[in-house]
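Novice: Okay, so TrEMBL annotates it like this:
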- 40-57: transmembrane segment (TRANSMEM)
- 69-88: transmembrane segment (TRANSMEM)
- 137-156: transmembrane segment (TRANSMEM)
- 163-183: transmembrane segment (TRANSMEM)
- 253-276: transmembrane segment (TRANSMEM)
- 288-306: transmembrane segment (TRANSMEM)
- 318-339: transmembrane segment (TRANSMEM)
- 351-372: transmembrane segment (TRANSMEM)
- 378-400: transmembrane segment (TRANSMEM)
Amino acid sequence: MNDKLVFLGLLYFVQGIPYGLQSLLLPVYLRGAGHSLTHIGLTKILYFPWVLKVLWAPLVDRVGTKRRWLVATVSGLALTCLSSAALAPEAHIWGVVGTLLAMNALASIQDITVDGAAVGLLKGRSELGLGNVAQVVGYKAGSVFAGGGLLAVIDVAGWGPMFMLLAFVYFGVALFVLGAPVLDNELLKGQAEGRKGVQSDAVHPWRVWRKLLSVPGTPWTMIYVLTYKLGEQGAVTMFPLFLLDHHMTARELGFWNGMIAMCFSICGSSLGGLLLSQFSIGSLMRRVFVMRTVSMVFQSSLLTVLEPSPLMKGMAVLSLSIQHFLGGLITTLTFTTMMHCTQRAEESVQATHYSFLSTLEVLGKLMFGALAGGLVDWVGFPTAFLLFLVLSAGTALHIWKATDTGALREQPK
């Protein structure tokens, strides 16, 4: 079991690096260069390959082995970082955009492969909970490394050395995967299933979609993953930029939001895995979503304070910490719900099914994250955050209803 957790945690760590670069480091870098919130919000388009990954998920499911796909994608990420190191964003902005887009494409294929491996490796309720902790904590740790640690590196050493460091990290992980013993048993299985899949479902792709949508619990899970982060995503994206405008420097924001708050997120994710072994997922989700709505009320109240002060800075750090803690807890509960749903599917389409759900999850966050900056530029921070609060409260009501009469209702023993 420990070998599985280390393997999954490390791969999710490197998978979280591109997200940290683009969600934590890039907005601060661009805001410091004088770009508008609308332009910063539009950088979410770079995540577009994540929306398309469901299109090539069946290929990953049926062709080759998990080891080959992982070595190829992680090595590709290393080469992409080497290319980025040779480009200066001030002089080669479109080249930088191209490399970041390539990083997202490779990371999305890696995500399909790792998720498929996790669905096959994790057995039983205990392993499923701990495996999802490794997934979420590893991913968030990679985000902290990229969005907080690398923000300090770029401030001291510059753009090129930062990407050189990332290239060495990726090459090291590729070598680790090449010799990972947890994948030793999947070679013959992957080859046999690959040939079978190419001869049947690959010729008739609508059969795959029919299998995906017929899995019990899929329709409710689809709606949930599309909407559960809408209000939170707007606040997580825009509140740090409000602080940058009025209360914090870029270095302070990199420390408090890129490292400390993300550490709280990791703690929340870890706690989620422990709580799942003691309580039902429905009762946990109902309480945590209400707590998130209350924390949104607190954060929205801070937008009325524009004058810098130590008290305001402390309240802002407290708000960020609570927000990320609850967000991490919710993410673990959500990915456990998704994986539990996927394990009801046929083994030949499990990676595709999970990729489909995670694509919808990314799409929900991506669409609103791209629009949040323009919304704030249009109506201002207070009005925009009122909308974020309404969306968060709506999700809490959706969960509450599901625990009473819907997909999360506890079955009598």
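Our numbering is plain: 1 for the first residue shown, then up by one each step along the chain.
For all residues, glycine too, the Cβ spot is worked out from N, Cα and C.
Quantities reported herein were computed from a predicted structural model and do not represent experimental measurements.
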Novice: Using a Cβ-Cβ cut-off of under 8 Å, list the residues of the same chain that are 6+ residues beyond the ends of the transmembrane segment (318-339) and lie near it.
Specialist: 118-119, 122, 128-129, 131-133, 135-136, 140, 221, 224-225, 228, 232, 235-236, 239-240, 256-257, 260-262, 264-273, 275-276, 281, 284-285, 288-289, 291-292, 295-296, 298-299, 302, 354, 357-358, 361
Novice: For the transmembrane segment (351-372), give me same-chain residues lying six or more residues beyond its boundaries with a C-beta closer than 8 angstroms to one of its C-beta atoms, as numbers and ranges.
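Specialist: Same-chain residues near the transmembrane segment (351-372) but 6 or more away: 41-42, 44-45, 47-48, 50-54, 57-58, 60-61, 111-113, 115-116, 119, 208, 211-212, 215, 218, 221-222, 225-230, 233-234, 237-238, 334, 338-339, 341-342, 345, 384.
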Novice: Below 8 angstroms Cβ to Cβ, which residues of this chain, lying six or more residues outside the transmembrane segment (378-400), approach it?
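Specialist: The answer is 223-224, 227-228, 230-232, 234-235, 238-239, 242, 285-286, 289-290, 292-293, 296-297, 299-300, 303-304, 372, 408.
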Novice: Please indicate, using numbers and ranges, the residues of the same chain that are 6 or more beyond the transmembrane segment (69-88) and have a C-beta under 8 Å from a C-beta there.
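Specialist: Counting only partners 6 or more residues beyond its ends, the transmembrane segment (69-88) has Cβ contacts under 8 Å with 11, 14, 18, 60, 95-96, 99-100, 102-103, 106-107, 109-110, 112-114, 117, 159-164, 166-168, 170-171, 173-174, 177-178.
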